[in-house]
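Annotated features in TrEMBL:
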- A:21-40: transmembrane segment (TRANSMEM)
- A:102-122: transmembrane segment (TRANSMEM)
- A:134-157: transmembrane segment (TRANSMEM)
- A:201-221: transmembrane segment (TRANSMEM)
- A:242-263: transmembrane segment (TRANSMEM)
- A:275-298: transmembrane segment (TRANSMEM)
- A:318-340: transmembrane segment (TRANSMEM)
- A:360-379: transmembrane segment (TRANSMEM)
- A:391-409: transmembrane segment (TRANSMEM)
- A:421-443: transmembrane segment (TRANSMEM)
Amino acid sequence: MAHLQVADEQYIFRPETRNKLFILLGVGVALFVLGLILAMRSGGHHEEAGHGEGHGMIKTENLVASTEKAAAGDQEEHHAAAAEAGEGHHTKGWKERLFSSLWMNNVFFTGLGIIGLFFVAIQYAAQAGWSAGVLRVPLAMGNWIPIAGILMIVLYFTTGHDIFHWTHHDLYDANSAEYDPLINKKAPFFFWPGHAGGFPIFYIFRMVLFFSMWYWFFTMIKKNMLAEDLENSTSYWYKNRVISTWFLIFFAVSSSIAAWDWVMSIDTHWFSTMFGWYVFASWWVTGLATITLICAFLKDAGYLKVVNSNHLHDLGKFVFAFSIFWTYIWFGQFLLIYYANIPEETVYFIERMTTSPYSWIFYATLILNFVLPFLLLMTRDAKRQLSTLKLVCPIVIVGHWFDFFQMVTPGVMQQNGGLGFLEIGLALVFLAVFLLVALSNLAKVPLVGKNHPMLQESLNHHI
Amino acid sequence: MDVNKNFLVGVFEDEDVLLAAVKKVRSGGVKIHEVYSPFPVHGLDEALGYKRTRLPIAAFLFGLTGTTLALTMQIWMLGYDWPMIIGGKNFVSLPPFIPVTFEMTVLLSALGMVATFMIVSDMKPYGSPRQFDLRSTEDKHVMAIDTDANGGKSKDEISRLLKEAGASEVNTKSFE
């Protein structure tokens with residue numbers, strides 16, 4: 001193998017790029033404000049529309065009512081009355097819609113940040129050589145972790161009751177009309193060691209622990225990678241391999257629990273043992289598509305000379321394979337619930353498959369996240385060309401944004417959920433800020449770790 | 001056909017010598033029949049000027065056959081030939097058919113690929129694969145040149161070219 005020389009590369013975050021992102025941010029804010037005004041004005045009307053949605057909605061109502069009746073035991077009359085009124089517990093208006101959209105976007109973009117770190121850790125733990133040239137891109141995405149963490153905690157305290165049904169203290173009071181024995185049994189998961197219905201100590205502790213540990217692992221790995229640039233020594237690679245291994249063990253547990261905490265607990269009665277992997281699979285393939293897309297745009301701008309079609313091929317294979325993996329997990333969850341046909345489980349899918357506006361999104365996610373990437377990325381040539389990657393990666397990213405929309409919104413909004421300017425605007429705001437953070441951090445460090453011990457292997461990579 | 005196929009077989013000790021020899025022989029205007037090596041040699045395919053394999057296309061078509069076969073089979077069996085109520089579902093309902101469909105797709109795709117590869121590489125049952133030099137499975141690289149296909153050049157010329165390119169021995173081999 002030929003020993004190849006690598007020129008130092010530095011990404012320059014040009015004012016033009018920055019301006020484009022600010023325009024994106026501006027468009028996002030404008031759409032968001034427009035959407036918010038529309039949502040506020042049509043608040044009352046929307047609920048009426050909700051009542052007349054048709055059979056699907058009524059079916060859901062009945063199912064919710066029946067499970068709640070069973071759960072509440074002697075409180076049957078109250079719940080039946082509530083179900084007849086057409087609302088579960090609260091009237092859902094623009095405020096819930098705003099909160100649910102904020103929460104959903106933050107969970108989605110948290111994934112992009114943490115997957116950046118996860119990708120780097122995987123490469124070190126697997127002693128992978130091919131990826132040595134692209135590692136700085138996922139590393140830059142990891143800079144989103146602390147911001148996501150702060151947003152998550154702030155949003156929890158701002159939106160609490162409106163998103164998480166389990167935060168209502170009445171649910172845990174046996175003398176209350178709202179008493180719910182099923183949720184009461186789950187109380188220690190949120191409130192330990194405090195009393196049920198009080199401050200969710202265990203829940204907040206986990207949130208803080210996960211983000212601070214992820215951030216700590218991120219800073220350690222980043223520190224070693226940057227130290228390696230200054231000193232040509234393999235010791236940093238060995239250190240990072242050890243840190244990465246510990247991170248992966250921690251992430252295996254924390255990503256699952258994070259998924260239960262931040263997403264599954266919204267539908268408090270419902271549970272799925274696959275949910276942790278499901279959220280992880282969605283995060284992971286979105287993160288891979290984002291890494292690939294950023295690499296593709298950097299290549300277009302003349303950067304990343306060390307990355308050629310062989311490396312793109314590997315990234316494309318990742319996106320292809322994990323699109324199938326997501327589908328496998330999705331189907332694994334769906335088939336069991338479909339077959340067992342237990343009301344408290346099927347309610348989750350019936351709500352998403354038969355009520356507006358979730359119904360079309362439900363089927364659209366399968367096309368966007370499985371059919372299109374599967375067919376478009378199947379051939380070798382498709383994975384090796386920038387043009388096809390730049391087509392498929394946005395499809396996957398948008399598809400999984402819809403996937404997270406489906407996970408969060410129906411649980412918060414029931415049949416009053418909406419997908420309009422508000423949601424799209426907010427997603428654009430998050431996207432613009434995420435890219436501003438990731439790209440400005442990418443510009444602060446050399447684009448290629450020139451002393452990475454595997455760099456020669458990466459340059460000679462040939463598949 | 002009782003016409004013998006005649007080959008010149010160059011034996012090489014080292015993969016770098018082999019790689020250079022392939023380029024030299026080809027640029028000398030000699031068509032190489034095939035090269036056998038005990039382990040994969042990087043860059044050999046490009047040096048020999050091989051086109052990429054079309055096996056993935058075969059795999060896709062076999063897979064598609066599997067998908068179609070599995071779906072047709074299940075819809076016909078459970079929907080028309082012997083309808084049964086299972087778990088209160090419709091006779092023809094897609095979700096429970098997916099696992100079988102997936103397995104059939106993978107099975108036919110995999111077996112089809114193996115069969116195609118075997119047939120194309122002359123390893124089919126009752127076939128007689130040509131063995132130019134058994135040492136190519138151990139520690140020697142072997143380059144076979146069809147002398148009939150290189151009518152423009154004499155055996156001696158080709159033999160000299162192989163020796164110049166670094167072959168440790170040059171043998172002749174004929175197949176019926």
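Using N, Cα and C of the backbone, Cβ positions are placed for all residues, glycine too.
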**Q.** Contact yes or no, the transmembrane segment (A:421-443) and the transmembrane segment (A:201-221), 3+ Cβ pairs under 8 Å, gap 6+
**A.** no
Q.
Could you check whether the transmembrane segment (A:275-298) packs against the transmembrane segment (A:391-409) - three or more CB pairs closer than 8 Å, residues at least 6 apart in sequence?
A. yes
Q: Between the transmembrane segment (A:318-340) and the stretches A:21-40, A:102-122, A:134-157, A:360-379, A:391-409, work out which stretch tops the count of Cβ pairs under 8 Å.
A: A:360-379
**Q.** the transmembrane segment (A:242-263) versus listed stretches A:21-40, A:102-122, A:134-157, A:391-409: most Cβ pairs under 8 Å
**A.** A:102-122
Q | Intrachain residues whose Cβ lies under 8 Å of the transmembrane segment (A:21-40), provided they are six or more past its termini | A | 46, 93-94, 97-98, 418, 420-433, 435-436, 439
